[in-house]
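Here's the structure, in structure tokens; my notes come after.
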Amino acid sequence: MVKGNLFILSAPSGAGKSSLISALLKHESSRPMQVSVSTTTRNPRPGEENGVHYHFVEKKTFEQQIAENVFYEYAEVFGNYYGTSSAAIDEQLSQGIDVFLDIDWQGAQQVRMKKPDVTTIFIAPPSRKELENRLRGRGQDSDEVIADRMAQAQSECSHYQEFDYIIVNDDFDTALTDLVTIVNNQRLKRSQQTTVYQDLFNDLLAND
Ligand code: 5GP
């Protein structure tokens, strides 16, 4: 069986990354796909469920898990810890599931060191103004928080050159098509196709 592919999607908050990922998961696919559920010390937002959107834990628990080497990568973002647990990912990849990590540039750097064949995708908003509109449109945050998030967004965007692919999320459907194309591109690589179609090539090359 061919192992699953690992993908990283990074974006400044407000670029539409979460919506793109959930649309991708609903899209028709030749292989199973899952988004990794991260662990975080931040408080749940309205509508977020423990174990579905994140594993919400206390800072003390997170630090204990760091010491126990639970995490593939972890980082501090907006003053909270976020981390990806190794066990869940390795299990999914070995079952042939394509795994998507929704993590920041710091996490992307760590995963790249451990798994050089990871495919990394940066999602950008179409403009700074539109990014700010989208952040305000959520209606959840104060002006101070928005200003802070805009500064964080700039810091996230400053790492765009480290990624394999860039998607500009102006028109949502176009961005989704771009994302599906990148995923299929990875799956169609010779290294994967020769494993999937080993019997076919044995047959095509048989002398009878
Ligand atoms: P939010 O609090 O809005 O859900 O996420 C804030 C930021 O943390 C996003 O950029 C998101 O990609 C990032 N993030 C979420 N989970 C992880 C993780 O497990 N590791 C790292 N490094 N970043 C994460």
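Every residue, even glycine, has its Cβ placed from backbone N, Cα and C.
What TrEMBL records for this protein:
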type: DOMAIN; residues: 4-184; note: domain 'Guanylate kinase-like'
type: BINDING; residues: Ala11, Pro12, Ser13, Gly14, Ala15, Gly16, Lys17, Ser18; note: ATP binding site
Check: same-chain CB within 8 A of ATP site center, minus Ala11, Pro12, Ser13, Gly14, Ala15, Gly16, Lys17, Ser18: Ile123, Pro125, Arg134, Asn169
Greatest C-beta neighbour count within 10 angstroms, which of the binding-site residues Ser13, Ser18: Ser13
Distance-selected binding-site residues near ligand 1 (C-beta under 6 Å), from Ala11, Gly14, Gly16, Ser18: none
